[in-house]
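**Q** My questions will all concern the structure given below.
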Amino acid sequence: MNRLLIIDGLNLVRRIHAALPDEGDMDTLYDRVAQACRKLLRGHQPTHCAIVWDGDAISWRKHLYEDYKKGRKPMPEALAKGLPALKTKLETLDVHSVNADSEADDIIATLACKLAATGGEAIIVSTDKGLLQLMSPHIRQWDHFAGQFFDIEAFEAKLGIERHQLLDYIALCGDSGNKIPGIPGIGPKSASELLRTYRSLANLYHSLGTLGSRQANKLREGRDMARLSYKLAKLQTELPLHLKLSDLRVNPS
């Protein structure tokens, strides 16, 4: 069975870089990133491996909603300068770079879903909880820094929803980390309670007459924001990749 290890490049590198005593020490950064990659390869024994990098183009999500990810800290200058050399060095480790035009998430999602559709296993290495919408028997998410797979049941319990309701949940209450707005006046607690009762966003909107007038009005007036938020949160899984699985093969030696 094919097993594809998909590393969220900047998610890994920026966290390692943030822990360095000297942010300009690119040699130490490379050593630590290389050490992390070797550990991931040893631990998961993939047949194929890709490290996916964010690109510089403005995301389609930003074009759709100007405030998307507004306020995010820019990449430190030293890291931005050293990143091209770091990518080149990593190629010697059987970690094959895949460069996205803008956000890496949609490329990660496409790679994972295409492999899962053939019966293979995809392991995504990232702490980005937005990727949890992809989880299935064939797709799992590994937190390198915690040294464990994400506990989906604990995540569901924390939010008070089931995994398949994640996008509907974000449509209702938004995602503050990515500046996805949600519906004004609907918070996480209300969102989880509504989904527990009505099971889906579609059912909820078909049942507005069963709600109190105040909450029904919020939902009615916020319908467009819910649609927008759902679209912003949903990962694309059918992007053209311009590569073959064999391009990502790990040297068995």
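Just so you know, glycine gets a Cβ as well, placed from its N, Cα and C.
Not measured: the values here are computed from a predicted model.
Pasting the relevant annotations from Swiss-Prot:
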- Asp105: Mg(2+) binding site (BINDING)
- Leu172, Pro181, Ile183, Ile186: K(+) binding site (BINDING)
- 162-251: domain '5'-3' exonuclease' (DOMAIN)
- 185-190: region 'Interaction with DNA' (REGION)
**Q** For the domain '5'-3' exonuclease' (162-251), what is the mean per-residue pLDDT, to the nearest integer?
**A** 97
**Q** Most Cβ neighbours within 10 Å: which of the binding-site residues Asp105, Leu172, Pro181, Ile183, Ile186 is it?
**A** Leu172
**Q** Per DSSP, what is the residue tally for the region 'Interaction with DNA' (185-190) in helix, strand and coil?
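**A** When I sort the residues of the region 'Interaction with DNA' (185-190) into the three classes, I find 3 helix, 0 strand, 3 coil.
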**Q** DSSP-wise, what's the residue breakdown of the domain '5'-3' exonuclease' (162-251) into helix, strand and coil?
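**A** The counts are 58 helix, 3 strand, 29 coil.
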**Q** Roughly how many Å separate the Cα of Pro181 (K(+) binding site) from that of the residue listed as 'Mg(2+) binding site', to the nearest whole number?
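**A** So the Cα of the residue listed as 'Mg(2+) binding site' lies 19 Å away from that of Pro181 (K(+) binding site).
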**Q** Measuring Cα to Cα, tell me the gap between Asp105 (Mg(2+) binding site) and Ile186 (K(+) binding site) in whole angstrom.
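**A** So the alpha carbons of Asp105 (Mg(2+) binding site) and Ile186 (K(+) binding site) sit roughly 26 Å from each other.
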**Q** Apart from Leu172, Pro181, Ile183, Ile186, which residues in this chain have a Cβ no more than 8 Å from the mean position of the Cβ atoms of those residues at the K(+) site?
**A** Ala171, Cys173, Gly174, Gly182, Pro184, Gly185, Ala191, Lys218, Gly222, Met225, Ala226, Ser229
